[in-house]
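For reference, Swiss-Prot has these:
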type    : residues                                               : note
DOMAIN  : 14-249                                                 : domain 'ABC transporter 1'
BINDING : Gly46, Glu47, Asn48, Gly49, Ala50, Gly51, Lys52, Ser53 : ATP binding site
DOMAIN  : 264-506                                                : domain 'ABC transporter 2'
Amino acid sequence: MADINTAQPRDWLLEMSNIDKSFPGVKALDNVNLKVRPYSIHALMGENGAGKSTLLKCLFGIYKKDSGSIIFQGQEIEFKSSKEALEQGVSMVHQELNLVLQRTVMDNMWLGRYPTKGFFVDQDKMYKETKAIFDELDIDIDPRDKVATLSVSQMQMIEIAKAFSYNAKIVIMDEPTSSLTEKEVNHLFTIIRKLKARGCGIVYISHKMEEIFQLCDEITILRDGQWITTQPLDGLTMDQIISMMVGRSLSQRFPDRLNKPGEVILEVKNLTSLRQPSIRDVSFDLHKGEILGIAGLVGAKRTDIVETLFGIREKVTGTIKLHGKNINNHSANEAINHGFALVTEERRSTGIYAYLDISFNSLISNIRNYKNKFGLLDNTRMKSDTQWVIDAMRVKTPGHRTNIGSLSGGNQQKVIIGRWLLTQPEILMLDEPTRGIDVGAKFEIYQLMTELAKKDKGIIIISSEMPELLGITDRILVMSNGQVAGIVDTKQTTQNEILRLASLHL
């Protein structure tokens, strides 16, 4: 393979050169390049807000670039829509999947281009062509199944198969493993490598460094809307990539934890929730100033614990004591009044109001407290508290009236956490808080957790990333099939021990 810096134009399948894009008051892209070869897997990396999404929207015609050129298979192009891009051989598998849940798998595969026999859809041909593609990609899904019955990983396979059916030459994958098990990730990687072997150029977007090194051949790094480098991945270290992404050296991935947890703040005994299957006889305690991790495989019911504590799920048996006093949270409002806060797993669907501004998203959990004596909202206090969230959480935004949906994932998450801090919680529960967030934003969230622990807050974090749990927590509660398999001291345990416990009740 030719060296990237001296490669000839014929070596490239896709060339995006000197791309500029500005919005009012913001230079989103400044002379950015992305060049992808056939038969390669190309990592596109950068912090949230670095310009990755804007660059790809320029490729797909969602945004019109201000200047620069896009050459695909030797021809300069300017797609008017993602549909046109797909028809020409450029496809994207989004983090938020784009499937019609109540239709069959094969309906989704051929939506808008059904094979016909006379005036009718040729169901037999549609089935056979779908099955042939699935067989070639080693996808074990019945084309006649409803999409709603499938797992997230199976839905992603359908999106990839759809790109395959269009004979896509460029396939862009945005955080494709964020909700997958290790087994599902390995299967996905097998399919990606098959696409590579057919001559596709894969653009792979992920914040998971281990995946990048395992899968990719080359890397392009963006920072603050500017192109930093495009080079072979071979020979680069994780620290070098992080340094280029954030513009500084991160000497450590996790902040130092020097404080010692204090007295017990929360006691949970024999907790069982109503919905089945769910948690059974869960017992643990949480200390002031402690960060308690919850680990477990997919289906272990980790989320059920925090949802039951927060009043989203109803408990059947068991006791919850706060400062030694029995409490029952029958609703989220009751939980908030008792000093609980929950940052949910699905940021876009249950965490933010995507089409509303930062101010609304910052204040919604505490909105009743902003009424003055006349029953009207106190706009001065609301503006002040929104600004506190922006400043304290270091949210990158033009202002408090900015639509939160336009922010990067990391900045959205900071707003959500800031929203809950305004309720002055004693117990902060975070469910996969760094999923889909870049390394710089992750470190800021870890710092925040550490600072809150120093202020005697009790913190519970659910995470599927083992290095994260081992790096930030004091103890780890391991769940297996709805039951507590063990509680371990983080400093005394290993990843293998946690995985052994997580498999105990399967």
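Using the three backbone atoms N, Cα and C, a Cβ is placed for every residue, glycine included.
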Segment confidence, the domain 'ABC transporter 2' (264-506), expressed as mean pLDDT: 89
Where Gly46 (ATP binding site) sits in the secondary structure, as DSSP reduces it to three classes: coil
Densest Cβ neighbourhood among Gly46, Asn48 (binding-site residues), 10 Å radius: Gly46
For the ATP site built from Gly46, Glu47, Asn48, Gly49, Ala50, Gly51, Lys52, Ser53, further residues of that chain with CB within 8 A of the site's CB center: Leu222, Ser408, Asp438
Residue with minimal Cβ packing [other Cβ atoms within 10 Å] among the binding-site residues Lys52, Ser53: Ser53
Local Cβ density at Ala50 (ATP binding site) - other Cβ atoms counted within 10 Å: 26
C-beta crowding around Glu47 (ATP binding site), within 10 angstroms: 25
Cβ contacts of Gly51 (ATP binding site) (under 8 Å, same chain, 6 or more positions away): Ala28, Leu29, Val32, Leu222, Asp224, Gly225, Gln226
Mapped DSSP class for Lys52 (ATP binding site), helix or strand or coil: helix
Other CB atoms, at most 10 A from the CB of Gly49 (ATP binding site): 23
